[in-house]
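The following block contains the structure, expressed as structure tokens.
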Amino acid sequence: MFDGLKDKLSGFTSDVEEDVDDDALEAEDEPDADEAAGEAPADEASESEPATDAQPSEDDTQVARQTAETDRSQADAEPPAADAVATDESATAPAAEVGDTDAVPDDESQSDDAAETAADSASEADSGSDEDDGGRGLAAKAKLMATGKTVIEEDDLQSHLDDLELALLSSDVEMSVANEILDGVKENLTGQTRRRLSSTGNLVRDALRESLYDVINVGQFDFDERVQQADKPVTIVFTGVNGVGKTTSIAKLAQYFEERGLSTVLANGDTYRAGANEQLEKHAENLGKKIITHEQGSDPTAVVYDAVEYAKANDIDVVLGDTAGRLHTSDDLMAQLEKIDRNIDPDMTLFVDEAVAGQDAVNRAREFDNAAEIDGAILTKADADPQGGAAISVAHVTGKPILFLGTGQDYDDLEPFDPEEIVDSLIGE
Ligand SMILES: Nc1nc2c(ncn2[C@@H]2O[C@H](COP(=O)(O)OP(=O)(O)OP(=O)(O)O)[C@@H](O)[C@H]2O)c(=O)[nH]1
């Protein structure tokens, strides 16, 4: 189920992770002027006076900052850069050079950035020495340690977001839903910092997880609880085009309710299509359920009405009423559903479509919801759908939740739709 989409999402997270980690490594391996900060004294110390190696190892940004504080108080008298390294006598030489360069504060604002300025100057004064430390100068490490590293900026992310957009659209995720997901990911990731040793992969996966969950979870309610708590009989009417698994889903739900101790009666309100009675009758027979039918062409409202009366008379908990899947015009469809609404006032109207229809299913969900407001959706044939676009899009587009997934042709192949579980299965826990 949704394996193609899973692969694409996993491609996105690993691409971002790889890119970000590469950037972080590059930043450490090829320090810019900033990152070379303080390496000069450190490296020089280790080369010329090994006995003092221990000193720079403690020489992280904190030390630099403390020193900078000291500098501030001495700023008038001495260049802070010189002071910053003066605590380490092995570093005195580069410090003196530093004093010759732009590290000398002319004013208070320069003094505020003393640690970095010292670092910059040291780097300029002794460029190339960082290579000796396997490319990771102590101060560069210290800087990462002390500040964490801002690893994901919007610009860095954009090409990955473009890839993600393509992945979502090619998986039949509706455009507005894809944009919502992209906005969420961008918002969740941009400016994120990766602490040393924490995983970029988790950061990206969590951002994607949150965004997907937000669009999938729209409108969710506890279906079982609503049915259990409603006055009996509970009437549920099903809409959707023919051939998508509507009749099978009604039968599956009859079994679902039976397993929860609720009795059902089926009603074939699809009086439009020849053979619809026989089809639902077959399911009713298989499941040992009562079915109410009228002859083809009769009023669907009358069929559902009779089923409700039957349920009341026989203490049946739930009425499951099919309706015509396709009429001449959507006006006819709306008129039919409105009449059922007016006369029967069903507790829920559920839209059924097949996950494999992708964008078509999403568009139909929107149309049916416009014609006769739905309360939720059932997506069938999820077992045969590698894309997942409809499963991700329907709730956001209609504002009504997906309540069940059909996952096969057997009566027990019906799974309550759990947004958290779906997102976990798409992204990995
Ligand atoms: N793989 C799979 N097949 C399903 C699922 N749900 C229904 N089907 C199959 O889809 C076909 C159509 O299902 P129906 O229940 O007849 O569809 P319908 O919407 O009632 O169609 P009409 O009766 O023509 O209105 C049948 O062969 C079902 O077995 C599902 O979740 N997974």
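Backbone N, Cα and C atoms are what each Cβ position is placed from, and that goes for glycine too.
Keep in mind that this is a model prediction, so the values were computed, not measured.
Heads up, here are the entries from TrEMBL:
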- 240-247, 322-326, 380-383: GTP binding site (BINDING)
- 15-47: compositional bias 'Acidic residues' (COMPBIAS)
- 76-89: compositional bias 'Low complexity' (COMPBIAS)
- 99-115: compositional bias 'Acidic residues' (COMPBIAS)
- 116-126: compositional bias 'Low complexity' (COMPBIAS)
- 401-414: domain 'SRP54-type proteins GTP-binding' (DOMAIN)
- 1-136: region 'Disordered' (REGION)
So which binding-site residues out of Gly243, Lys246, Thr323, Arg326 are up against ligand 1, CB under 6 A?
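Close enough to ligand 1 are Gly243, Lys246.
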In the structure shown, which of the binding-site residues Gly240, Gly243 has the fewest other Cβ atoms within 10 Å?
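Taking Gly240, Gly243 as the binding-site residues, the minimal 10 Å Cβ count falls on Gly243.
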DSSP-wise, what's the residue breakdown of the domain 'SRP54-type proteins GTP-binding' (401-414) into helix, strand and coil?
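Taking each residue of the domain 'SRP54-type proteins GTP-binding' (401-414) in turn, the totals are 0 helix, 6 strand, 8 coil.
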Just to confirm my parser: what is the rounded mean pLDDT across the domain 'SRP54-type proteins GTP-binding' (401-414)?
97
Just to verify: the residue among Lys246, Arg326 with the fewest other Cβ atoms within 10 Å, which of the binding-site residues is it?
Arg326
List the residues of the same chain that sit at least 6 positions away from Ala382 (GTP binding site) in sequence and have their Cβ under 8 Å from its Cβ, in sequence order, or write 'none'.
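In sequence order, the residues whose Cβ lies under 8 Å from that of Ala382 (GTP binding site) (at least 6 apart) are Met1, Phe2, Ala355, Ala391, Leu405, Gly406, Thr407.
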List the residues of the same chain that sit at least 6 positions away from Thr323 (GTP binding site) in sequence and have their Cβ under 8 Å from its Cβ, in sequence order, or write 'none'.
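Same-chain residues close to Thr323 (GTP binding site) (Cβ under 8 Å, separated by 6 or more) are Val237, Phe238, Thr239, Gly269, Asp270, Pro300, Gln336, Leu337, Ile340.
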